[in-house]
Amino acid sequence: MAHPSWDDSHTRRVSALTLLESVLLMGIGGLWCVGLLMIDRPLLAGINFAMAALGACLLVLLRRGQLRLATLLAVHLAPLAVAASCLFDNPPLGVPKATVLYFLPIAAGSYFAFQRDGLYLRIVLPILYLLAFVAFSLLPLAISDPTLLVPAEAAHVAAWVNTVLALIALVFTLGLMHADLTDRRGWEHDLGRAIARGEFRLAYQPQVDRNGHLVGAEALVRWHSPRRGNVPPGQFIPLAEETGQIVAIGDWVLRAACAQLAKWNAQPGTAHLTLSVNISVAQFLQPDFVRNVTDIVTRSGCDVSRLKLELTESMLAENMPDMAARMQALCDIGLVWALDDLGAGYSSLQALGQFPFAQIKLDQSFVRGLPADESSLRIVEAMISLADTLSLMSVAEGVETEEQFRCLVKAGCEAFQGYLFGRPMDIDSFDALIAPAPDAMARSVDGGSAPHAR
């Protein structure tokens, strides 16, 4: 059985933290609202009612599966409610300020929930809440009008209740952070061990031309962990990118792909096949990237003109130094570059023309709507027309139905990849796909039943 990824576990912990915050907001806000109305403090009661309403809103969002929206609201609005309450937290001598303690779990929770986000959510907000904690603790910011404050008897109770609840929330948050860190370190350790022990394998997804003839494949990395089972790429690739281990994984994928391509080159029936390999940003940015790729290709003995390296469209927006020069250096030895997921990023057409691409791959999000979605159809036709104008080969990803296939053929697309022609498979299954007859796939597509379509 596959284990949940660090991402999955982290998401569940963030959900648990947001749930705790919603329960605390509803419980504290609701109870204090009733109590404050009983002692004729309508302004304070209104603030606590707003807290209870926020907690209820968070709970509804969580039940609807809108975790990110709920968490964003929690880290922005809950501190405002706490700050408003702090303005009325002016206890008598000998009673500590306790409302301010809620800023501590809020700051920790904000960092924990958004540790993979940008600077504002990950750093600025937690620091802001810590500064608020210091300011309300040390400075005389609370109002002094006794008609607006909680009576002395109630202030003692409020101080104890708020202290206990704030500490519970802080301990709970720190516990989640510790569990998250331990879990992440476990995944990082297993990932590093997988590289050393050779636990990765390549899967090959067929690519066909408009006649359904097999023309190549895309090499996709798969990880079978002895402890965690089969780990989907969507679970370990993001972690590998964050930790830098993606470079070692990418180098292994390239070596394994080139070795397989060399085997195909040596056989008359498979010498025409191409093999596409994805290149990560971290891998591309390595100072010795060009030399490393050249060495791998040379040592494998494969036909470099049959090897395609794919860069995602988002990489064009990175404005990486010497990107075009690096690509051209590998083009000079015969290697082919492909632009993956065209339409999913924000690259400009001008940027596309600045790099030596020979192929573009249409993002599957546009293919999915074909042929019924007129908007998707027009976008696909425009991208294929763009490819023709720039003398680039067009490949459609995510082709799952014959209707999509025929629509793309009519639009002028040249090559196709998707479940209609085969899911990613091991090399034995891929070789079996080739072995029976060169035209077997073409006949199956024409006859309406592509192999491995389901």
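Positions of Cβ are set from backbone N, Cα and C atoms, glycine also.
Annotation source TrEMBL lists transmembrane segment at 16-37, 43-62, 69-88, 94-114, 123-143, 155-177. Residues or ranges marked as domain 'EAL' in TrEMBL: 184-438.
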Counting only CB pairs under 8 A, let me know which of 16-37, 43-62, 94-114 has the most with the transmembrane segment (123-143).
94-114
Model confidence over the domain 'EAL' (184-438) (mean pLDDT, whole number):
90
Chain residues outside the transmembrane segment (94-114) and at least six past its termini with a C-beta under 8 angstroms from it:
13-14, 17-18, 21, 71, 74-75, 78-79, 82, 85-86, 121-123, 125-127, 129-130, 132-133, 136-137, 142, 152, 155-156, 158-163, 166-167, 169-170, 172-174, 176-177, 180
